[in-house]
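K.L.:
Take a look at the following structure, please.
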Amino acid sequence: MIITRIPPSPTGKLHIGTARTALFNYLFAKKNGGKMVFRSEDTDKARSTKESEAEIMSGLQWLGITWDNEGEIVRQSERAPIYREYLEKIIANGGAYVSREESKNTPGEMVEVVRLKNPNKVLTFNDLIRGDITFDTTELGDIVIARNLDDALYHFTVVVDDYLMGVTHVIRGEDHISNTPRQILIQEALGIERPIYAHLPLILAPDRSKMSKRHGAVSIESYRELGYTKDAILNYLALLGWNPGTDQELFTLAELVEKFEVTQIQKSGAVFDIKKFNWFNKEYLRRMSAEEFMTYLDLSTAEGLPKYFDITSDSFTRLLPTIQERISIRQEAIDEIKAGEYDFVFVSPTEYTTDMLKWKNDPDASAALPRLEKAAELLKTADFSTPDTIKAALWGYAEEVGKGELFSPLRIALSGKAQSPDPFTIAYIVGLEETLRRIATACDKIKG
Ligand code: GLU
């Protein structure tokens, strides 16, 4: 059976690179009826924390990337006796030796480290994405594989754990390519079968440098907080270095499992394009029902909204589709509300100038007056159930007098702003009574 693995080092939040590696391992395993195992590589005592481990695990689970370990999770920090057993074995069979030498950290102090006996040979391994990769191991020297028998180092623990966990395929970032020959030498010295390797392209910032914090958010959690949905994140991650070979862009996790092919993974770096990511999120938001979108937006937990912004009102419910149509992420909605973009919903506009009500050859807005009065009359009997029914009530008259001539002053009368949604949407949101009140205010302004 195919067994892949995700072995994060718990030294921070769940990084997008780790999440993408986990996703590809998951997809490859599921596609082939196999399993993926999880392992916490917490041997760096100074930097590893339990909080980070918990965060990485819950982040992956939130995305729906699950693993198939049986029993307790595997933590390298708890496996020193196992590594010791294998260190003794590799020393006994002559693959490694104990070397007494001066400590690198404390000069003058003598320490005993375990070094691998490098056979100094040319080694080739096959990579599913990159083909044959050849290294001359001579340049590596006799690598240190343990500080002492109870303190095995990274390359050794990875080899032993992958072996004991039955890992058949090692799918990991390109930054691990240079580790692979070292790990193969250890496998060979232990007489362990070599797994199959696939090294994923790096995730790059738009300037093609390695993606890092200075390019913006790099943790899944920060994207989640900004309002990226798990569907959009999964979908976008899948396309960071992989493509289906068709035009299809939107995939559910189940579809990804079905379509995923390792051979479709690219060798060159995958550029992280926030605009494309936003596009994905927008697509998923637009597909939500009104109720789902309301739950997603969850404005009751948003801080700093203006006092007048009443999220329990009917007008807010009627505003929701407009927000849903416009935004890519939740944070945008919050920022727009704070910036007053939707204050017309709750506050009758009075501060605009008569000048704004003019349309083309109408020096003092006097031509707008009869049009607004007629619009008010038509609206009194209009069907207010959707913006379209409101539009229908005004359409015939607009064709008579000109669309700009009618809708421009009407939109200003209703919003008081140079930029706003169309007048039908605003009328629908604020309701008949308030619509008529706003038109009357505009008429009074023109009359002076
Ligand atoms: N613990 C390593 C990391 O988080 C992964 C090692 C591996 O995949 O072999 O980068």
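Note: Cβ is positioned from N, Cα and C throughout, glycine not excepted.
These figures come from a predicted structure and were not determined experimentally.
When I checked TrEMBL for this same protein, it listed these features:
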- 2-102: domain 'Glutamyl/glutaminyl-tRNA synthetase class Ib catalytic' (DOMAIN)
- 8-18: motif ''HIGH' region' (MOTIF)
- 105-279: domain 'Glutamyl/glutaminyl-tRNA synthetase class Ib catalytic' (DOMAIN)
- 210-214: motif ''KMSKS' region' (MOTIF)
- LYS213: ATP binding site (BINDING)
- 307-442: domain 'Aminoacyl-tRNA synthetase class I anticodon-binding' (DOMAIN)
K.L.:
Apart from its near flanks, which chain residues at least 6 from the ends of the motif ''HIGH' region' (8-18) lie with a Cβ under 8 angstroms of it?
P.N.:
40-42, 44, 47-50, 52-53, 55-56, 59-60, 173, 202-203, 211, 218-223, 237, 240, 272
K.L.:
Can you tell me which parts of the same chain pack against the motif ''KMSKS' region' (210-214), counting only residues 6+ beyond its ends and a CB-CB cutoff under 8 A?
P.N.:
16-17, 202-204, 272
K.L.:
Count up the helix, strand and coil residues in the motif ''KMSKS' region' (210-214) according to DSSP, in that order.
P.N.:
2 helix, 1 strand, 2 coil
K.L.:
Return the count of C-beta atoms lying within 10 angstroms of the C-beta of the residue listed as 'ATP binding site', excluding that atom itself.
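P.N.:
If we count other Cβ atoms within 10 Å of the residue listed as 'ATP binding site', we arrive at 10.
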